[in-house]
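Engineer: Okay, handing you the structure first.
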């Protein structure tokens with residue numbers, strides 16, 4: 001929100017979005033909140049995510065990351081720094097034990113425009129996935145298809161996800177170790193149909209900060225393993241590896257993420273990324289000069 005002079009109010013202004021009602025008053029929390037807002041805003045600007053007047057479908061699973069995403073985006077909008085319309089969306093996929101009333105009550109109490117949709121994709125996944133295999137891959141594909149459909153129905157131009165810096169790093173190493181390719185989650189992506197952007201505004205945010213924020217705000221976090229399926233073994237192994245590196249060398253994740261933003265195609269052996277055939281030395285000037293012959297003694 002801006003004052004009469006047009007200046008953006010400081011984050012510590014008394015007027016706050018209802019999503020921040022009950023926020024701790026500690027210096028530590030204020031620093032965390034400012035850091036989340038600063039890093040999210042930086043990602044939005046770096047990857048040119050904003051097109052004024054657009055409508056964003058903000059996906060809310062009930063996990064710590066999506067709560068953080070929702071709160072920070074509304075904070076930016078509240079401060080006049082995000083000129084888009086926000087619509088929160090939860091897709092209830094029919095997982096057993098999913099608390100169907102938690103998110104509608106949470107969003108209504110905090111005056112957040114939202115849409116709750118029920119689609120029993122859980123039964124489809126149970127039917128299609130062999131026993132002992134993880135549900136995550138098929139479940140995410142079905143969820144993505146439904147979210148794209150909802151975005152179109154609601155007139156949204158972007159689907160906004162809560163993936164953070166750690167998710168991006170983990171995906172990079174999973175592709176490196178198990179997929180044989182250098183790829184991860186881009187902060188901004190155009191879907192195959194070309195009608196929707198997929199945005200990840202938390203791309204610069206650490207998972208630990210999302211966890212601290214959601215805990216401090218006492219948001220009603222819903223566990224992600226209600227279906228009985230755990231995260232894929234590969235991702236868990238990569239997460240443990242990154243944790244070990246971080247404990248041995250604090251700040252390692254930050255350095256690795258900076259490397260993902262500093263790619264040099266000419267220093268990688270992929271001929272599709274760089275025209276190595278054009279790297280031919282020009283010997284014309286060299287041949288015209290008298291070059292002394294070195295003789296062995």
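Glycine too: its Cβ is placed from the backbone N, Cα and C atoms.
Fair warning: this is a prediction, and the values are worked out from it, not measured in the lab.
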Engineer: Look up motif 'PP-loop motif' in Swiss-Prot and report which of 49-54, 55-60, 61-66 it refers to.
Structural biologist: 61-66
Engineer: So what's the mean pLDDT when you look at the motif 'PP-loop motif' (61-66)?
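Structural biologist: The average pLDDT of the model in the motif 'PP-loop motif' (61-66) works out to 96.
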